[in-house]
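Now, the feature entries from TrEMBL:
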type    : residues                                                      : note
BINDING : Gly10, Pro11, Ala12, Gly13, Thr14, Gly15, Lys16, Ser17, Thr18 : ATP binding site
DOMAIN  : 6-220                                                         : domain 'Cytidylate kinase'
Amino acid sequence: MTGISIAIDGPAGTGKSTVSKEVARRLKLAYFDTGATYRVATLWCMREGVDLAQESDVAALVETMNVSLVLDPRNPRVLLEDEDVSSLIRSDSVALTVSKVATNLEARAALGQWQRDVIAAELEGGYSDGRGVVSEGRDITTVIAPDADVRILMTADEEIRVARRAGEGADLATVREAVLGRDKKDSTVVQFHTAADGVHTLDTSELTIEEAVQAVLDLVAEVRGEGAQDGEAEEAGAEAGE
């Protein structure tokens, strides 16, 4: 029996990372942030000095990356050439540049195949020992994992999304450009604001983290034919932030 595949899509600031990690932790599944593959590819290209406007050069360089992913939801990590770059790929410089890689169709195809391979491995073994994986990122529910057992599009009001990201300590102007600017750029190659057929929509604008997690757990239980899942006693009082 193969494991369960849960795919969570949506723009930045909707809470998909926070919720995905917590759902994976509670269900003892792997956690896969597909967006990290674009970020580490961007960091690699920046370090190698490739012209990001040269799409074929970028795609070719992406294929040479030596990257390892640690899919532990309690402490997910990305290793580039054996260096832990988990924090570096979240830097402002990467955040403001990543769309140049994410909108490169050749690079996107290569990274997309890598993402599919990671998901397939977790359904048979891998970190989760075959229990399955919670994968989150743009186009995960439609392009990368359209056959996932549970597919969810998380949404939230635009200003709430920006405020959540700004609340993480970053400069407001930088956050607005990173969140809304990337939305605009990425929308040229992927649809992540409207749910496709069979994809559940979860608006987290007024939800706490715990409420959003519980909503996902209930959907998983429904698919598995179980009763509603009780959340753990711990309550996360803060609103869901990605």
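Note that Cβ sites are derived from N, Cα and C of the backbone, with glycine treated the same way.
Note: TrEMBL annotation is automatic and uncurated.
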- Query: Highest CB neighbour count within 10 A among the binding-site residues Thr14, Thr18?
  - Reply: Thr14
- Densest Cβ neighbourhood among Gly10, Ala12, Lys16 (binding-site residues), 10 Å radius: Lys16
- Item | Overall pLDDT for the domain 'Cytidylate kinase' (6-220), taken as the rounded mean | 90
